[in-house]
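S.K.: Got a structure for you, questions after.
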Amino acid sequence: MDSLRFLRILLLSSSILLLSLRSTVTAGDIVHQDNLAPKKPGCENDFVLVKVQTWIDGVENEEFVGVGARFGKRIVSKEKNANQTHLVFANPRDSCTPLKNKLSGDVVIVERGNCRFTAKANNAEAAGASALLIINNQKELYKMVCEPDETDLDIQIPAVMLPQDAGASLQKMLANSSKVSAQLYSPRRPAVDVAEVFLWLMAIGTILCASYWSAWSAREAAIEHDKLLKDAIDEIPNTNDGGSGVVEINSISAIFFVVLASGFLVILYKLMSYWFVELLVVVFCIGGVEGLQTCLVALLSRWFQRAADTYVKVPFLGPISYLTLAVSPFCIVFAVLWAVYRVHSFAWIGQDVLGIALIITVLQIVHVPNLKVGTVLLSCAFLYDIFWVFVSKKLFHESVMIVVARGDKSGEDGIPMLLKIPRMFDPWGGYSIIGFGDILLPGLLIAFALRYDWLANKTLRTGYFIWAMVAYGLGLLITYVALNLMDGHGQPALLYIVPFTLGTMLTLARKRDDLWILWTKGEPERACPHHVRLEQCSEK
């Protein structure tokens with residue numbers, strides 16, 4: 001097996017892996033719903049994340065994040081409207097019986113357990129507390145709900161649950177100082193963040209670059225093919241075989257592609273852990289190195305053509321150009337540095353560079369041969385996205401796609417198979433993210449459109465590429481609108497992108513009477529150079 005074929009197989013394997021995660025989500029939803037905890041009078045709050053800012057002796061100290069209860073007074077959203085109130089521990093600590101300490105508008109801290117949450121809140125309110133902080137007995141947060149048989153739900157103080165480590169920190173503060181105060185508020189996310197604009201431009205730019213590279217290569221191959229025909233060469237190299245470095249998928253492989261992605265998604269969901277994410281990081285680094293190397297070699301070969309055309313035989317890999325040997329160490333070091341520092345705030349830059357390079361390279365290698373295959377692939381992916389974001393909740397009691405995207409149970413901030421940008425003006429921080437498949441799958445169809453336009457000598461207006469790009473941009477824009485309307489809950493991007501992109505291509509093709517040739521052949525009819533030469537000879 002030569003190095004080129006090995007590279008292609010490696011990249012295809014990576015692309016299958018990456019396609020298993022596609023939902024566009026934001027890290028850390030601040031508003032949560034729970035169908036297992038239905039609302040009723042006096043117990044109808046949304047589960048919102050709450051910031052608990054502390055002060056010691058008037059000096060600002062640690063900030064904790066908790067979750068508001070289904071019952072009680074709603075928590076203010078603006079920091080300026082939140083009062084800075086004295087903190088005390090309840091006596092008894094569980095607040096399951098009337099409190100012995102009399103409070104005057106203090107925020108009381110209680111421990112979870114021994115009685116219902118509403119009983120703790122009623123006892124705290126009766127003692128004069130202005131708010132209730134319940135410390136969980138685990139590191140995770142827990143949604144505080146009302147029991148089905150509860151009727152006394154007229155609770156007029158807010159209740160917030162904090163994780164176990166926050167409780168330990170608060171206990172240490174109160175042990176060292178008697179002047180500890182806190183401020184409770186739940187700021188809202190902005191309707192639109194600049195990060196979403198940049199992410200939109202990043203997705204558009206990635207498909208644009210990949211499409212032009214793919215179309216340029218296809219046109220060069222077509223010109224070379226015609227030249228060989230004109231020279232009357234008996235054996236014309238087949239540009240569709242493995243020697244060209246291009247892999248064309250068919251309808252069967254498109255369906256199998258999505259089935260395999262579903263299987264891998266379930267494996268991710270079931271085996272998600274720290275060590276499994278480490279394995280994904282290694283796989284991502286391998287694919288990222290190959291992608292970055294391919295892009296850099298293609299770019300630099302215009303200035304260093306001699307180094308790009310001179311090869312040396314490397315054991316186990318076969319012939320490799322000097323330019324590839326020069327670029328490879330940089331790519332490897334870049335990926336290793338990202339892997340080492342990936343938990344730092346600046347690591348998203350390296351992740352996006354590796355991800356974009358990998359997507360562009362896969363779009364250069366994998367081709368959709370016609371509109372029929374593109375329709376099958378995107379239709380299957382459309383159903384796949386809807387199933388694993390929405391329908392999977394019925395089977396697994398949570399959205400499998402979103403759980404995998406967030407990297408739950410992994411101890412890390414999501415898996416690396418996505419592009420992300422920090423939310424710049426969001427008080428909660430986090431990232432706006434988009435799965436590789438939301439770029440890669442529509443990109444296959446859009447790149448096909450540009451290849452057809454160039455081979456058919458169509459202009460931007462009379463071609464299909466520009467309209468497919470506009471449709472993709474609108475579909476992705478609608479995705480972000482839906483994301484914000486749903487309070488940041490994960491949205492299957494292909495639910496909006498596929499109808500826009502595929503619908504535009506099919507409608508235009510039918511209107512222009514190109515549907516049959518796009519659906520079956522995928523390239524325009526071209527005159528045979530031999531026929532042209534024979535006609536010229538007969539005229540003499």
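The backbone N, Cα and C atoms fix where each Cβ goes, and this holds for glycine too.
Note that the structure is a prediction, hence the values are computed from the model and not measured.
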S.K.: In Swiss-Prot, is the topological domain of Val246 the same as that of Pro315, meaning both on one side of the membrane?
M.R.: yes
S.K.: Which residue does Swiss-Prot record as N-linked glycosylation site, given the choices Asn83, Asn457?
M.R.: Asn83
S.K.: In whole Å, note down how far the CA of Asp385 (active site) lies from the CA of Asp438 (active site).
M.R.: 10
S.K.: Report yes or no: does the transmembrane segment (463-483) come within contact of the transmembrane segment (197-217), defined as 3 or more CB pairs under 8 Å with a sequence separation of 6 or more?
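M.R.: They are in contact.
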S.K.: Considering pairs 6 or more residues apart, do the transmembrane segment (197-217) and the transmembrane segment (489-509) have at least three CB pairs under 8 Å?
M.R.: no
S.K.: Looking only at the topological domain 'Cytoplasmic' (510-540), what is the model's average confidence as pLDDT?
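M.R.: That region's mean pLDDT is 70.
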S.K.: How big is the gap, in Å, between the Cα of Asp385 (active site) and that of Asn83 (N-linked glycosylation site), rounded to a whole number?
M.R.: 44
S.K.: Just jot down the residues in the same chain as Asn83 (N-linked glycosylation site), at least 6 apart in sequence, with C-beta under 8 A of its C-beta; none if empty.
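M.R.: Spatial neighbours, sequence-distant, of Asn83 (N-linked glycosylation site): Ser130, Gln183.
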S.K.: Indicate whether Asp438 (active site) is helix, strand or coil by DSSP.
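M.R.: Assignment for Asp438 (active site) reads helix.
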S.K.: Between the transmembrane segment (249-269) and the stretches 279-299, 371-391, 430-450, work out which stretch tops the count of Cβ pairs under 8 Å.
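M.R.: Comparing 279-299, 371-391, 430-450 against the transmembrane segment (249-269), the winner is 371-391.
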